[in-house]
Amino acid sequence: MGDATETFYGVIRRQGITRRSFLKFCSFTAASLGLGASSIAHALETKPRVPVIWLHGLECTCCSESFIRSAHPLIKDALLSMISLDYDHMIMAAAGHQAEAILEETRARYKGGYVLAVEGNPPLNEGGMFCIDGGKPFVEKLTSMAEESMAIVAWGTCASWGCVQAAKPNPTRAVPIDKLITNRPFIKVPGGPPIAEVMSGLVTFITTFGKLPKLDHQGRPSMFYSERIHDKCYRRSHFDAGQFVEEWDDTNARKGYCLYKLGCKGPTTYNACSALRWNGGVSFPIQSGHGCLGCSEDGFWDKGSFYDRLTTIKQFGIEQNADEIGMAAAGVVGLAVAAHAAVTAAKRLRHRPDRPAHKGKPS
Amino acid sequence: MAVQTPNGFNLDRSGKRIVSGGFLFGYIRFAHFSAGYVLSAGFLLRIYWALMGNAHAMQIFCVPLWRRCFWRELHHEIRRYSFLAVEPERGLGHNRLAQLAMFFMFTQTITFMVVTGFALYGQGAGTDSWQYKVFGWVFSLWPNSQDFHTWHHLGLWVIVMFALVHIYAVLWDDVVSRRSFPSIK
């Protein structure tokens, strides 16, 4: 359990890190967040470390897996020095009643002063019985810890939008966290999982300034989610040039042309993949030759094929996309028009009606 | 040595395309966006005309569904298009069936297309662009813009259907009743 009066700077000096290295770290983080290095250094020297409670609901742990691969800042710095991660049953040493006791202790001791990070979401059907954690429905643990938190961080698409467990028909009625808890400051960090540096960058921001960064209309941090994959895609020049991969194994695929025609969701997906990339900046899906799935967008499981730009429309009985429906409807209308014209022609051939007065009667 | 063709591709000596120089799809998009701006400006002008013009100018914006005579005239017009009646009901302005189609298939669809079009354009122009500031609110209805992308496509097909029916009806009315636009001299 971390001591609330301890500062980040105090901890890392104790671990033998020089002031020079500390300032280097501050400059690097400041650059990645677009801030001044001195403000970060000042905050880390004076502000107490923020206690973080990290809960796991219905999830796949991909957010934790991503988080522990953060390179800038290194995850060891984030976990051991910057924040006081008091509870996270994935990586904590305590277990059983000992672990659960930490929750109660943090809730009482740091009332309104801890950050609640949630990975996954709560299922509400059957009183929340589809996700039992520590002998109780997860939804109870979540609401009780949320009540006294300073802010809630929704890690990943599960906590932000619902993801696969909330996809139709959603038998457990899994809901995104903000549908359940509406009265706390809330930040969505969607992605399946979010990029490691996005996660650790946010942790740095929140612990440094003790507040949430600027959010967009959908509650996502603007600094990482204000541009689409498409806007920073390195294959954008091929899109503009009209050079597309037509099939997965064609020459254009080998040349690295744009994957738009194979259903890349880059143009409708807000995330930082094409700017920050993954695994310490090594690559991201499009660079590896596959279109974006749009995993950080709302309801991406329910939008039909991953390989089609248009959402599948199921209301017509058979699964169709907008263009197929539109073309069929236009065809029907065209046929109706032709039939109407044919009937008119036939009637006129049979007997010519008297022409009405040229201007018609006044209305 | 590279040569640029009129459609924007750079060709190498053997006539193969060089990757970097083309802007074909960019020009197609440019045509799409400029057409959108022209359509929007025209539609604004049409709204202005509805307010300032004569009584007929308002017809495609306001359908008097609450009037008994509207339904009677509509019924008559349906009979006429089904070859059950010969005489047209109204002498001036849109007939009631046309008015209904104009309102629901043209006016509503164009409004939808202008709003969703600018919202999607705003995503490309950036969240700090005026297009996103004015029209970005639509994404609070459906957060995933893929839905608007899909509906924007459907909207196009509604316009295609409308155009088919509209042009046919104008010509048909002209042949049958000699009252339509092409006959006015």
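Cβ coordinates are placed from backbone N, Cα and C, and glycine is handled just like the others.
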Just to be sure I read the record right: A:Cys60, A:Cys63 are listed as binding [4Fe-4S] cluster 1 in TrEMBL. Which of A:Cys131, A:Cys158, A:Cys233 is listed for the same site?
A:Cys158
For the [4Fe-4S] cluster 2 site that TrEMBL assigns to A:His230, A:Cys233, A:Cys264, which of A:Cys258, A:Cys295 is also named?
A:Cys258
Any idea which of the binding-site residues A:Cys60, A:Cys264 has the thinnest Cβ neighbourhood at 10 Å?
A:Cys60
Round to the nearest Å and give the CA-to-CA distance linking A:Cys258 ([4Fe-4S] cluster 2 binding site) with A:Cys273 ([3Fe-4S] cluster binding site).
16
State the non-local partners of the signal peptide (A:1-43) in its own chain: residues 6+ outside its ends, Cβ under 8 Å from one of its Cβ atoms.
49, 51, 72-73, 77, 80-82, 84, 86, 102, 105, 109-110, 113, 197, 201, 204-205, 207-209, 223
10 Å Cα neighbourhood of A:Cys264 ([4Fe-4S] cluster 2 binding site): matching binding-site residues from A:Cys63, A:Cys273, A:Cys292, A:Cys295:
A:Cys292
Residue pair A:Cys233 ([4Fe-4S] cluster 2 binding site), A:Cys158 ([4Fe-4S] cluster 1 binding site) - Cα distance, angstrom, rounded:
25
